[in-house]
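S.K.: Pulled these from Swiss-Prot:
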| type | residues | note |
| --- | --- | --- |
| BINDING | HIS573, HIS575, ASP577 | divalent metal cation binding site |
| BINDING | 783-930 | nucleoside 3',5'-cyclic phosphate 1 binding site |
| BINDING | 946-1070 | nucleoside 3',5'-cyclic phosphate 2 binding site |
| COMPBIAS | 225-236 | compositional bias 'Polar residues' |
| REGION | 216-248 | region 'Disordered' |
Amino acid sequence: MNSKYGDNIIDFLRYLEKFVKSLTKDNKIEEFKTFDIKSLLYPRNKDYFGNLSKFLLAVISARIGSNFINEDDIFEISELLKEFLGQELEHLPYLSYEELYVEIVEQVGEINGTVSEIIEAITVTIDFLDTFEKVSQTIDRSNEKQKLLAYLSAPVNQLDNSVSGVFNENDYTDIQRFFTELTNENNQSPDSNISILINDFQSLLNILESQQASSSSSKMIINDSPRTQQRNGTTEQQKKQQQQQYLQKNKEPFYSKDKIMQVSGPSYVFTPSDCNVSIQVGIPPDTLKRDQSICHFIVPHFLISKDVSLSEVEFPIFYNKFVQKGKTKVVIICTVEQKQRIETILCESIFGPAPEHIYTDEEITIPDYKIDLLTERLAIDPRANDEKLDSYVIFKTFDTFGVVDIDLPSASDPTKLINLRIRNTKGLISFHEDYHVVQKQLHLKLQEQQQDQQDKSSSSTTDKQMINTSGNRIILKNNTVSVIDSTIESQYVPVLPFGNDHEQVKKFKAPILGVTFLGVSHGLDFTHCSHTTGFIIWINGSGVVVDPPVGNTTYLQTNGIYGKTVEHIILTHCHADHDSGILQKIIERNKVTLYTTKTINESYMRKLKALTGLPEQSLKNYYTWVPVTIGNKIKILGAEFEFDYSFHVIPTIRFKLEIYNKKISYSADTFYDLQKFKQLKDQGVLSKKRIERLKSFVFDADMIIHESGVAPIHTPMANLLELPSEIRKKIRVVHCSSSVDTKGEIIRPKEGLENTEIIKVDRKYKGVAECIQIQTALNHCSVFSKLSPAEVQRVFFLCKKIWVKRNDVIIKKGSPSDMFYIILSGKVLVYENEYEPIKSTTSVGTVVTDTTTITTTVKTDAIKIPTIKLCAGETLGESALQLDKNIDASATVIAETDVCLLVWKTMDLRTEFHSNLNTFISKVHMDLSHINSCRDAIIRAFQHNITQHINKEEVDSIANGSKDVSFAHHQVIFNEGDTSDSMYIIKQGRVRIHSKKNKNIIRYLNVGDFFGETAYRRSNEDSNFLPTRSFTATAIDPTILLKLDIESIVNPRIQNIIEQKAKKNAEDNIRYHAYSPKIRTPRTPRKVYPIEGLSI
């Protein structure tokens, strides 16, 4: 037998020795004392998983990061490792090493660790798996297989004496029996069987080895005894807070920093050595604003991150096609399935809907008015029918092994090409440079090894290369391989966020009629702080947003404007610079209302379905579509809207509205050219009526919002300057850069709330508008949701509207709670702890009501952190509604900006409802102590995926419609098959979701997790329909749950939030089961391929 391979096996046991010794020396987890190494040699059972969990936990906690595992978390992490990693290990005979490696890395990454630690862990883990794979294949081919296995499991006296301090003879007897059993199982290849033992130990051992140099500086300070904690003056709660702060401070994305650069949002750029061509992973909407030179893009694991598309390739394509005149094509690297989805998106954007998806015949109600959108497209672009998608873009798809090979030009020698292999393993993207060159080098090295098998130095070269058995991957050390985890769903941060060029608005009141421009530029404008065209039309204090730009939601929320203030959307067409921001609005909080034609809505639905991967029915639950027609006017927020199709390359609607004898119009993207219209009329392409409406539809208004751009897709500025002067001065030109020359005759509006243009209406309409605004606030307020219409009317007449100046006190803690408030505009800060500023400087402010002036005083220069921030639509002073009690305020409330409030005095409400006071109190009652105790759990439950910011009023509504239910340790909450009549949020404790029928654990839930989502279906089905539970839920610890009955929450908006969360939970569970190892289809075990040059 070749002694070199015997030495390699001894080295393996030495590594194992080193690993166990390090645990013995450094580990401080009390639970690990019960670890029994011998139990890992037996078949899978309860003891095996328990010890495996402790084993992995010890490695992770001791060597990856520091200060992030608490003693209380040991059991939880152990259970999770049993559930995920343990079950994956059960399927090792059907898994490749690389798949196992990804599973391990995912578990480590979820727990935490620094970037350098995780990258190093990946490198050494792959190194070991590849190396041991070759060793196992060598064993399998050997004629002396039995002898080699016996040598592997030899007693301790046959090995180096240094291992004697780790194992005793009984340990090696067990190991010997284990390997003997391997050889008796039909002489099966040890490839899969040995990997059970090796991967249990060695994959994470390499993580330990990679961090050995820094181990002395990474000592754990967890699991100190109570005596030690007392001595250090640190309580367990303080320690948890410190650990949480550490995690937040040190949380980093997972990528190779030496070769990969993080750029805007969750996207990254890789530049190969000796190459000027970069490759970007992730394509957020503002990619071109950062860099116009990149034309190679890798689509990440998820096409969207949070609420933003990471596959926004439309404008890189348009830039290369129209600005660069087709010098280069965009290269998209993705999976086959992603290619199909992206093709759908691009076809809708570039070519528009197919003929069978155009419904103008049923959308137009005007007699003798015909619009042939396909013919008009050809009139604008005569080559439209000849171009195919491949004239814009090149797709390169990963093969069945997750591999793409590309050649890039060398920077030092343009005549040569650089070989690059890109590998996608379940979202882990790795770049392997000079793959083909190295493959040849490896072949030569293996031949050299075959000539001199006795030369041990050949196995320890510093420039070591490895190839796996299927020949799909080369791993080179010395930073030749770079990796990026594309499964990270980090928060999108635009390159140029809204508000970057102006301060946060200190005072904003939505006007009766006006326009706020969120963006006035286009997708190919790369100048500072340019945003794509979109705007809000304010009507009676509420907003209709037109083509919302990306980032608008964050900007509005920063200034205290949330979904219910702007929950109506008009979509003009399906180009990325007009529809990208709608996704943010759809999932912001409320179920928004979308106004557009059937043709455009179905086109957008096809794009959205391809982007999200969700079925159409699920997407329809996130917004309500209101079809608009050409010829029939519709009412939105009291204004009368009229729509028509513009003259554009894909179906696009324009509109005008009228209210209070004032008109606003919008052209949308269009080509306005009188000479072209005349030419097309002479050719019989456009009818006389069509031309008349194209010439006059938008110009009959008090404010004309008109686009401008490059012909023939857009309207040249010169054409607008030819309009009569009385029209030009009413135009607000958009969709153009700041460099456009308007000759001083046409206004290019400014962006931002502070630049809102107000259209003055007759004084007689102001009272009507104010009544509508108050009534809207009452309708949205969940506190009054149980009142009858007559009672709401009585409440309406009792309110007063007041203004509070910035920094003034609205409510002082400890003062009588005798007023209830609804915020109409502005933001306030709530301080539950005593509000005591450091300095004693005082300022005096005033609160002006319709009839009174109230003087207030507040100390300035405070540094106290507010408990909560509140904005428009939210409520204050709820304790004042307990009309049968006199209660003091529990918090101080300060105006962060100028604030407009609706106010009800307790005394007025008592007087108005004195005859049925108890009935009124029961309808508006809110259990404030219960609500406060529930707040954290509810915010955790609803802040992910469904809504980024669930506000106080919504939290209060959900909490007020819930009740606490308690369960003891191991008590069943509900069983599979039980009637599903309620949903739950975990307020305290933990819950195990499992299937008694299938005898498996589905997942573990913690504080803030939401479950029991099948109950929401009751509100959508026949009253006789009773859904049943699909799993069993059991309390692991003493647990308190918030029980939600959908019938107890009558506000439709709050019901929608809960139902969206329930549907998202159901979709997540489907995905979870789809990737669960329990139901994964087993694959055929891998064939063992011989490695040339290795023999015994």
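Each Cβ is built from the backbone N, Cα and C atoms, and glycine gets one as well.
So that I understand the layout, could you describe where these features sit and how close they are to other parts?
M.R.: Look at ASP577 (divalent metal cation binding site): DSSP puts it in a helix.
Listed in sequence order, ILE810, THR875, LEU876, GLY877, LEU901, LEU902, VAL903, TRP904 are the same-chain residues at least 6 apart in sequence whose CB falls under 8 Å from the CB of TYR821 (nucleoside 3',5'-cyclic phosphate 1 binding site). TYR821 (nucleoside 3',5'-cyclic phosphate 1 binding site) carries a strand DSSP state (E or B).
Residues within less than 8 Å, Cβ to Cβ, of ASP978 (nucleoside 3',5'-cyclic phosphate 2 binding site) and separated from it by at least 6 positions along the same chain comprise THR1028, ARG1029.
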S.K.: In the structure shown, with every protein chain counted, which of the binding-site residues THR897, ASN916, SER962 has the densest set of Cβ atoms within 10 angstroms of its Cβ?
M.R.: SER962
S.K.: If you count the C-beta atoms lying within 10 Å of each candidate's C-beta, which of the binding-site residues HIS573, HIS575, HIS994 ends up with the smallest number?
M.R.: HIS994
S.K.: Comparing the binding-site residues VAL783, ILE802, LEU1042, which residue's C-beta has the most other C-beta atoms within 10 angstroms in this structure?
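M.R.: Ranked by Cβ atoms within 10 Å, first place goes to LEU1042.
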S.K.: Here are the binding-site residues: ASP577, GLU878. Which has the lowest count of other Cβ atoms within 10 Å?
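M.R.: Least crowded of the binding-site residues ASP577, GLU878, by Cβ count within 10 Å, is GLU878.
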S.K.: Let me check the 10 A CB neighbour count of PHE1010 (nucleoside 3',5'-cyclic phosphate 2 binding site). How many other CB atoms are there?
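M.R.: 24, counting other Cβ atoms within 10 Å of PHE1010 (nucleoside 3',5'-cyclic phosphate 2 binding site).
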S.K.: DSSP on PHE1010 (nucleoside 3',5'-cyclic phosphate 2 binding site), three-state: which is it?
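M.R.: In the DSSP reduction, PHE1010 (nucleoside 3',5'-cyclic phosphate 2 binding site) maps to strand.
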S.K.: Give the distance between the Cα atoms of HIS573 (divalent metal cation binding site) and THR897 (nucleoside 3',5'-cyclic phosphate 1 binding site), rounded to the nearest whole Å.
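M.R.: Computed Cα spacing between HIS573 (divalent metal cation binding site) and THR897 (nucleoside 3',5'-cyclic phosphate 1 binding site) is 36 Å.
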S.K.: Does DSSP put LEU1042 (nucleoside 3',5'-cyclic phosphate 2 binding site) in a helix, in a strand, or in coil?
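M.R.: Once the DSSP labels are grouped into three classes, LEU1042 (nucleoside 3',5'-cyclic phosphate 2 binding site) ends up as strand.
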S.K.: Considering only the binding-site residues ASP577, VAL783, GLU878, ASN916, which residue has the minimal Cα-Cα separation from HIS994 (nucleoside 3',5'-cyclic phosphate 2 binding site)?
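M.R.: For HIS994 (nucleoside 3',5'-cyclic phosphate 2 binding site), the spatially nearest of the binding-site residues is VAL783.
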S.K.: For THR897 (nucleoside 3',5'-cyclic phosphate 1 binding site) and LEU1042 (nucleoside 3',5'-cyclic phosphate 2 binding site), what Cα-Cα distance in Å is obtained after rounding to a whole number?
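M.R.: Given the Cα positions, THR897 (nucleoside 3',5'-cyclic phosphate 1 binding site) is 35 Å from LEU1042 (nucleoside 3',5'-cyclic phosphate 2 binding site).
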